[in-house]
Amino acid sequence: MTSLVKWILILFGLISVIANIVIVCLYSGRLPKCSSKPHHVFKGKHNERSAMFADLSAEEYLQVRDYMSNQKDLDISVNALTKPSGNFLFLIDLLLPRKADALGYLDNNKPKPVREATAVVFYGTLGHIKEYVVGPLPNTTYHRDVTVERYKEELPINARTVTIGEYALIFKFINEEVFTKLGQIMKESFDVSKEKTLNGFEGMPRGVKSGERQTWISFFRDLSGMYIHPVGLEVLINHESTNASLWSVKRLLYNGQYFDSVEDLIKQYDAGTVTKIVYKPVQNYASLKPKSKPTGLSPQQFYAQGKRFSVKNNHVMYLEWSFAFGLSSLTGMRVFDIRFKGERIVYELSVQEAMSVYGSITPGMILTKFLDSSIGIGRFAHELVRGVDCPYAATYIDTFRYIDVSAPHRFRNSICLFEHNTGRPLRRHFSDFFSNSYGGMVNSALVFRTITAIGNYDYLWDFIFYQSGSVETKVHATGYISSSFNVDGNLKYGHQVAENTIGNIHTHFINFKVDLDVLGVENVFQTKDMKFMNVSLPWMPERYAMVPQLVEAQLKTEKEAALRYDTKTPRYLHIASNRTNRWGHQRSYRLQVVSFTGDSLSETEPEEKSMSWARYKVAITKHKDSEQTSSSLYSQNNMWTPAVDFSKYIEDDESIENQDLVAWVTTGFLHIPHAEDIPNTVTVGNGGGVILRPHNYFDEDPSIHSPDGVYISPGSEGNCENNKMACLAEDACSPVVEPFTYNGFEGTMKFEE
């Protein structure tokens with residue numbers, strides 16, 4: 001055998017060995033793909049009757065729009081750029097059925113409630129706003145003016161939200177009447193040119209009394225994250241008239257100094273009596289582009305045996321839970337007919353309002369009190385980013401909305417749903433005395449989420465369903481703080497967070513509606529707390545000790561049950577049934593409020609009526625279909641005479657004993673901005689919510705029946721019968737990863753054709 005042949009054979013042998021090693025390594029460690037089909041067997045079926053709570057479909061929105069626009073006597077435009085002087089179909093939204101009708105349909109085979117919509121029209125030609133009930137859906141044939149029926153009075157036109165059509169005119173007005181006329185000042189102070197502009201951010205309310213529509217607009221550099229780049233220019237415009245040719249500039253603030261007109265500012269600037277702002281380029285410290293190159297991946301969640309929840313249309317099933325859901329353009333997230341083990345616990349759990357009150361020395365912030373439902377909380381629920389806003393493997397749901405548009409908009413993947421391991425046990429005990437054992441259970445819960453980006457702030461809304469029978473609704477805030485230019489005296493209202501930039505102190509108040517039905521609609525409201533009592537010891541009567549004792553009460557009227565933030569409230573608050581559990585205690589659900597709110601606005605302030613719900617940590621009222629929401633679309637722009645004043649729900653002081661009760665819960669936090677809010681506020685510690693917890697509702701903790709329980713006794717450590725973790729390796733699989741997509745910029749606001 002020649003040397004060449006010998007070397008060829010050796011080389012061939014080496015290649016064969018290496019190839020076999022590679023094949024063994026590749027295939028011996030390869031895992032099967034995780035099943036997309038759930039191993040879990042669902043109890044019951046999806047409730048088709050939940051469709052009455054479903055948001056309007058794109059087809060239904062179009063039916064209502066076309067029906068309304070075809071009513072010649074209404075003279076309505078559906079063009080999103082309709083001027084304030086026109087008549088504009090601003091909003092179409094689902095009209096929820098009357099509760100008695102809904103329960104009759106759900107529980108007693110009564111007729112299905114007629115499906116109807118609410119249509120809101122801004123009548124610029126007539127100077128008022130109208131709300132119509134439009135129906136039935138499908139095949140719309142009628143409309144009915146319900147404005148006075150709902151609000152007891154006509155709605156003035158200046159209570160309307162600023163529409164895209166009005167914004168387009170405001171931008172044009174600012175450019176022509178301010179930027180162009182201040183050409184030299186705009187260039188020298190802010191480097192404004194034909195290619196470079198400033199962006200405006202409005203203060204609200206728009207004035208100091210009913211009927212006014214005068215808005216302070218603060219200006220910011222045209223950079224991403226503009227909200228923390230104030231430049232020191234603020235302008236007050238009067239746009240009360242629906243005729244834009246009658247609008248005017250009322251005042252200006254330049255570098256802390258007020259001017260009566262554009263001409264006044266020019267005159268004093270040229271005379272040298274103004275402290276000039278000299279433009280200086282800055283690095284965009286507001287940019288969210290990572291300063292370090294992303295490397296590696298954070299831990300990811302996947303479902304080894306398929307998802308244990310199911311979504312069909314607007315109905316969800318998860319282990320022992322089921323519920324229907326919707327997303328209102330105005331108020332945002334809401335769920336209905338929440339059941340655990342087949343029993344209804346909650347009829348409605350919904351977001352009502354998000355409010356902030358700001359402090360500042362500059363006019364753009366000094367009077368600002370934002371009421372977000374007047375802009376639309378659900379309106380700004382855009383697409384969620386897979387793997388960041390929600391786990392990558394979550395289930396994503398599209399929504400449709402019709403608000404300030406010409407046609408319904410589809411918002412892809414704007415709701416997500418996922419089962420989440422919280423990383424801490426729901427319960428556990430290690431027994432070290434007398435007998436040895438371990439029992440525990442992972443805290444795995446279903447999360448129903450959307451995120452709304454309302455101007456500078458992003459709110460994360462979560463409804464969480466636990467296997468213990470508890471439901472939690474909570475909100476976390478992130479996004480950009482609002483800021484103002486640093487002028488003398490402004491440090492009383494916040495901290496400096498960047499050059500010439502003050503982060504303004506503000507409150508966050510969030511209101512939720514909690515319509516609990518505990519074993520029916522005849523409930524009572526109870527409180528429990530503790531007090532120390534000096535008691536004699538039974539075996540030593542001469543000796544006394546301070547011992548905590550249970551204190552219980554049942555509140556009888558709405559005024560008694562309006563629990564203010566500025567007073568001490570009992571720590572246990574219950575909606576209870578008159579039926580008892582095995583141990584003789586009334587079956588109830590507890591409202592546990594998690595809140596770090598600042599002080600609410602004084603009732604002496606004229607704007608407070610529009611946010612009177614914020615007085616109360618919890619307020620209990622008798623259910624009325626006419627008291628559907630705690631705020632309204634019109635509260636922001638007519639704070640002084642609000643269409644809905646929540647305090648009036650309590651004034652009639654009705655009995656709340658053995659009645660259908662609604663809890664209105666207020667939570668939130670005080671925000672004093674600081675350097676770490678740059679570029680964005682983080683969600684950690686910035687939030688609040690309410691937990692609905694069973695309290696003597698069951699005879700024992702229902703999670704003891706969960707398939708997630710683990711029990712280990714000496715000698716059974718590797719036994720899989722009561723410990724699925726022991727056999728996790730056998731169930732290991734490789735997740736099926738869907739391709740990443742994002743279409744979130746499709747639904748953004750457009751101010752031109």
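Just so it is clear, glycine is given a Cβ too, placed from its N, Cα and C backbone atoms.
What TrEMBL annotates here:
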type	residues	note
ACT_SITE	Asp372	active site, proton acceptor
ACT_SITE	Tyr457	active site, schiff-base intermediate with substrate
DOMAIN	70-141	domain 'Copper amine oxidase N2-terminal'
DOMAIN	160-256	domain 'Copper amine oxidase N3-terminal'
DOMAIN	300-704	domain 'Copper amine oxidase catalytic'
MOD_RES	Tyr457	2',4',5'-topaquinone
TRANSMEM	7-29	transmembrane segment
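A distance of 10 Å separates the Cα atom of Asp372 (active site, proton acceptor) from that of the residue listed as 'active site, schiff-base intermediate with substrate'. Neighbour density for the residue listed as 'active site, schiff-base intermediate with substrate': within 10 A of its CB lie 23 other CB atoms from the protein chains shown. Each residue of the domain 'Copper amine oxidase N3-terminal' (160-256) gets a DSSP state, and the totals for helix, strand and coil are 30 helix, 29 strand, 38 coil. Secondary structure of the domain 'Copper amine oxidase N2-terminal' (70-141) per DSSP (helix as H, G, I; strand as E, B; remaining residues coil): 9 helix, 26 strand, 37 coil.
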